[in-house]
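Everything below concerns the one structure shown next.
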Amino acid sequence: MSKTAPKTYITSGHSGCAGCCDAFAAKFTLMGAGPNTIVINPTGCLEVMSTPFPYSSWQVPWIHSLFENAGAVASGVEAALKALGKKDDVKVVSIGGDGSTMDIGLGALSGAFERGHDFTYVCMDNEAYMNTGVQRSSGTPFDASTTTTPAGKVSFGNPRPKKNMPAIMAAHGSPYVATTSIGFPRDMIRKVKKATEIVGPTYIHAQAPCPTGWGFDTSKTLEIAKLAVETCLWPMYEMENGEITQVRKVKNPRPVEEYLRAQKRFKHLFTMEGGEEEIKKIQAIADWNIKHFELQ
């Protein structure tokens, strides 16, 4: 990548929270995709904070889709561009949160990938429904406390493992699937650029820590994102035609306790009886990632 940073096409002045992860994710996505891009953005934090009527922070064509149909709208945009003979000159990128991607909009997204539409989908995974009050999604990690899975006398928080969305999208026959993190801007920009240059449905899954929903200082967003990677709870890799082709190595993984202790959504693990055993379970997830993805 050039030492000169590519131009971004989303402006300041939006109403995102201090330290907003979605602002970073949108910025890096457009730095990778470039100016000749049409964005489809389902309902969520990014849509709400970037387009308060009658204003917009977007400097590229932007479409607000429903929570559930970003994949269908992207399919229609791509088909229309093909019919007009303009698809080779314009990139179609959908940017959605984990709720619209992994839950509410999964059916439409699956259909778009199964049909082979030529577009890139970027999931900004802040691991809960932040826009509506920090409710659990299928992207919420094990033992995280949310407003619908609160930690208490009978629960350590979310009882279910995080859905493996990259594997699901790879199973659709996608030519390119990658994970990344807003804590590594160059990595995210490079992967988005690569994804948008490949013909066919491509998928980027980016972790995007939310200070409001996760409970950490607003100045620590990128630091927390890096810590997720350094503890191996967020492996970064690329898959081409279903095969892992590149992995970001972690030479000296840090204990997951450092990552968990930095967030209020996991604070109960350090105060409740039995919390130590739960931390060991989360460490086992990181250890599995190290072995499965060959992170060392």
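Each position is counted from 1, following the chain as shown.
Each residue, glycine too, has its Cβ placed from N, Cα and C.
The number of other CB atoms found within 10 A of the CB of Cys17 ([4Fe-4S] cluster binding site), across every protein chain shown, is 17. Cys17 ([4Fe-4S] cluster binding site) carries neither a helix nor a strand DSSP state and counts as coil. Positions annotated as [4Fe-4S] cluster binding site by Swiss-Prot: Cys17, Cys20, Cys45, Cys210.
Among the features that Swiss-Prot reports, compositional bias 'Polar residues' is placed at 140-150.
Look at Swiss-Prot and you will find 140-159 tagged as region 'Disordered'. Residues 127-128, 133-134, 213, 233, 264-269, 272, 274-275, 278, 281-282, 285 of the same chain lie 6+ residues outside the region 'Disordered' (140-159) yet bring a C-beta within less than 8 angstroms of a C-beta in it.
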CB contacts under 8 angstroms to Cys45 ([4Fe-4S] cluster binding site), restricted to the same chain and 6+ apart in sequence, sorted by sequence, are Gly16, Cys20, Asp22, Gly97, Asn126, Met130, Asn131
Per DSSP (three-state), Cys210 ([4Fe-4S] cluster binding site) is coil
Cys210 ([4Fe-4S] cluster binding site) has its Cβ surrounded, within 10 angstroms, by a count of other Cβ atoms equal to 25
